[in-house]
Amino acid sequence: MNKKSILSKLPSVDELLNCDEVIHLIDQIPRKVVVNSIRKCLQNYRNKILAMKESELANLQVNMSELIENVIYQSEKFMAMNLRKVINATGVVLHTNLGRALLSDEIKEEVWSVAAGYSNLELNVDTGKRGSRYSHVVELIKYLTGADDALVVNNNAAAVMLVLSTMAKEKEVIVSRGELVEIGGSFRVPDVMEQSGAKLVDIGTTNKTHLWDYEKALGENTAALLKVHTSNYKILGFTEEVALKELVALGRKNNVPVIEDLGSGVLVDLQKYGLTYEPTVQESVALGVDVVTFSGDKLLGGPQAGIIVGNKHWIDQMKKNPLTRAFRIDKLTMAALEATLKLYLDEEEMIKKIPTLKMLTESVASLQKRAQQLYDILANLDLPMEIKEDFSQVGGGSLPLEKLPTKVIAIKPMHLSVSKLEEKLRSHTIPIITRIQEEQLIIDVRTIKEEDYDIIKKALKDTMKI
Ligand SMILES: *Cc1c(COP(=O)(O)O)cnc(C)c1O
């Protein structure tokens, strides 16, 4: 048979539309989508035939059921949400690629009622006049941090940009060379400064910066001293940096404001829970830093946002900067942020209800219990596995050296290679993200919810089918 005659045997779009399976499909999926999938599948089939060698054509039959199956698959795939739930079995709590901080179940109602209905986003219900979208969280942030005033934007990168653009445009900002941080490819302190119009004056060396380095650099054109928290790396060994307190004193003496980019913006002293010390927002405010910026979705455990706290004089100026409008946060974020911050009002509740804090502070005993639970659920799959001790990470460029002791399930598959198993789990309907270590597949229970154990079991079972 030649190609032309095979191609002529392909069904038409209408023929496919009249098949029982496709008629049934159109009950659930918009007709337009199905027609589009049919066209695509037919085109693929045509291309496949055209690419074949004459010798391969001999026994070729148009396979109707395969074609229909493809149409169903393509239509369903088109309708499925592309941005969707995954199971994070990596043990990295603030996994930037997996959406960083999880929002608390506790705040669902609050967020949804603002999302699905009208809200007083920019209405002052007391006066009936126009209100400010920032007003909803300002008092709360002031109360929690001790700051004079606050403003919230889209993320911390935007916060830093807004602060520098407002306070230091066409002027100099002094930064230690040890703090020229890069956070993921696109955020580099020197680049953000350049974009904001501020001029970077870098001082000291990578490992040592002294107070006199700052003093020497101070001049007529100095708009601010900037301290950047080296949140995603540590310089160890022969090092020296100027304490915030000394920097604030120097700023005061010279009438130059001090700005601090804190990165993670933790609001509780994590040492109480056995983690490494991470400077809190309250401490920076108490030490007299004029303006502090931090993220909403790192250790704070809220939605993506950039929070700016500090001196009212500066915050007022920022509000007048046109960038504030460009960087403004939407109502869903506002609702989620306010509701998350409210959880901070009760410290005991906060640790239980903010998922990031809960995961970071889970005890090894509790992790062991949960690992055993998952192990028992997976036991009858007949997969060689064991419960092992390992370490989870904080992630999100926070506490880079922290190794959180955890319990993991380590699987050594027999039916396929470890990397193939990792790949198959990753491409499951609900993708399961794992890691490989010493030829074993590692499932860290720290970042897995109990309700997902059965999904993991089903996915593992699916990988055993041929
Ligand atoms: C993470 C981080 C940023 C960027 O914050 P986003 O909220 O991700 O925009 C800026 N500065 C520091 C020091 C950080 O750690």
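Counting starts with 1 at the first residue shown.
The backbone N, Cα and C atoms fix where each Cβ goes, and this holds for glycine too.
Unlike curated records, TrEMBL annotations are generated automatically.
Residues annotated as domain 'L-seryl-tRNA selenium transferase N-terminal' in TrEMBL: 7-46. Listed as Cβ neighbours of the domain 'L-seryl-tRNA selenium transferase N-terminal' (7-46) (distance under 8 Å, sequence separation of 6 or more from its ends, same chain) are residues 62, 64, 67-68, 70-72, 74-76, 78-79.
In the three-state DSSP assignment, the secondary structure recorded for K298 (N6-(pyridoxal phosphate)lysine) is coil. What TrEMBL lists as N6-(pyridoxal phosphate)lysine is K298.
A C-beta separation below 8 Å, combined with a sequence spacing of at least six in one chain, links K298 (N6-(pyridoxal phosphate)lysine) to L94, R100, A101, S231, G263, S264, G265, G396, G397, S398.
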